[in-house]
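Q: Next up is a structure, given as structure tokens.
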């Protein structure tokens with residue numbers, strides 16, 4: 001395998017762009033620290049961090065496989081490994097299978113409840129890329145997929161999935177829909193031409209307003225979560241800081257320019273990190 005092939009596989013898994021892994025990792029860490037009410041078990045923590053990396057990469061591979069015939073018509077994705085011919089469909093599917101197997105082998109070291117829940121996570125990861133052809137709400141499916149690690153984390157750490165886990169699940173799903181709509185705004189013009197559906201297209205001129213409402217819902221539910229779990233004042237300062245980043249994102253997307261919308265999407269990494277700091281500080285201090 002020559003260097004260009006190695007680089008193509010690296011790009012296919014998005015290892016060169018860790019933003020997706022981080023957006024999946026933050027809520028997983030929220031759940032682990034809340035479930036443990038402090039520092040989670042080290043074995044569980046390592047399994048979930050590695051699982052996030054493997055499954056996010058698997059999701060990117062199956063996404064590019066599903067989009068291989070349309071990516072060449074989109075400015076941002078035309079040079080991806082599959083549409084450019086550097087990697088074949090068979091090679092992509094083989095890599096996807098390897099990544100899923102690696103993830104499942106990690107899960108097998110967890111308890112029975114976690115193993116059972118993992119099957120749903122795999123189905124969601126496979127389903128999401130194909131939703132863009134049948135519904136204008138693929139971001140909703142991504143919200144479910146990116147949130148499924150939350151009940152799994154609670155199951156692994158405490159062998160149960162309490163109501164607070166599902167509240168956190170909803171919070172993260174709403175946040176995911178908001179930031180992935182920002183991401184979809186980048187490709188909206190191209191997607192309309194080639195028949196790809198998204199919430200950015202569905203929301204139309206109400207996109208910024210709906211994103212704002214989703215962000216407000218996230219903040220409100222985070223406050224409810226903090227109240228239910230009696231988290232300390234540090235937690236609420238973190239939520240306030242996250243609100244500031246949401247305001248900044250609204251400012252970025254006000255003109256709907258591609259680069260500004262992508263910058264707003266990337267900014268969500270800070271939101272996830274802030275909430276993690278707020279949660280971990282509250283349960284550890």
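Placement of Cβ uses the backbone N, Cα and C atoms for every residue, glycine included.
These figures come from a predicted structure and were not determined experimentally.
What Swiss-Prot shows for this protein is this:
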- 19-39: transmembrane segment (TRANSMEM)
- 42-62: transmembrane segment (TRANSMEM)
- 82-102: transmembrane segment (TRANSMEM)
- 104-124: transmembrane segment (TRANSMEM)
- 136-156: transmembrane segment (TRANSMEM)
- 166-186: transmembrane segment (TRANSMEM)
- 210-230: transmembrane segment (TRANSMEM)
- 233-253: transmembrane segment (TRANSMEM)
- 265-285: transmembrane segment (TRANSMEM)
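Help me picture these features in the structure, burial and contacts included.
A: Only residues 6 or more beyond the boundaries of the transmembrane segment (19-39), in the same chain, are considered here, and those with a CB under 8 A from a CB of the stretch are 45, 48-49, 52-53, 55-57, 59-60, 146-147, 149-151, 153-154, 156-158, 164-165, 168, 172, 175-176, 179, 229, 265-266, 268-269, 272-273, 275-276, 279-280, 283-284.
Sequence-remote contacts of a segment are chain residues at least 6 beyond its ends whose Cβ falls under 8 Å from one of its Cβ atoms, and for the transmembrane segment (166-186) they are 23, 27, 30-31, 34, 76, 139-140, 142-144, 146-148, 150-151, 198-201, 203, 207, 210-211, 214-215, 217-218, 221-222, 224-225, 228, 249, 253, 256, 258, 261-262, 264-265, 268, 271.
Here the transmembrane segment (210-230) has Cβ contacts under 8 Å with residues 34, 164, 167-168, 170-171, 174-175, 177-178, 181-182, 199, 203, 236, 239, 242-243, 246, 249-250, 253, 275, 282 of the same chain, all six or more residues outside its ends.
Within its own chain, the transmembrane segment (233-253) is flanked in space by residues 182, 185, 207-208, 211-212, 215, 218-219, 222-223, 226, 260-261, 263-264, 267-268, 270-271, 274-275, 277-279, 281-282, 285, which lie at least six positions past its ends and keep a Cβ under 8 Å from the stretch.
Counting residues 6+ beyond its ends, the transmembrane segment (265-285) has Cβ neighbours under 8 Å at 19, 22-23, 25-27, 29-30, 33-34, 36-39, 175, 179-180, 182-183, 186, 222, 226, 231-232, 234-239, 241-242, 245-246, 248-249, 252 in the same chain.
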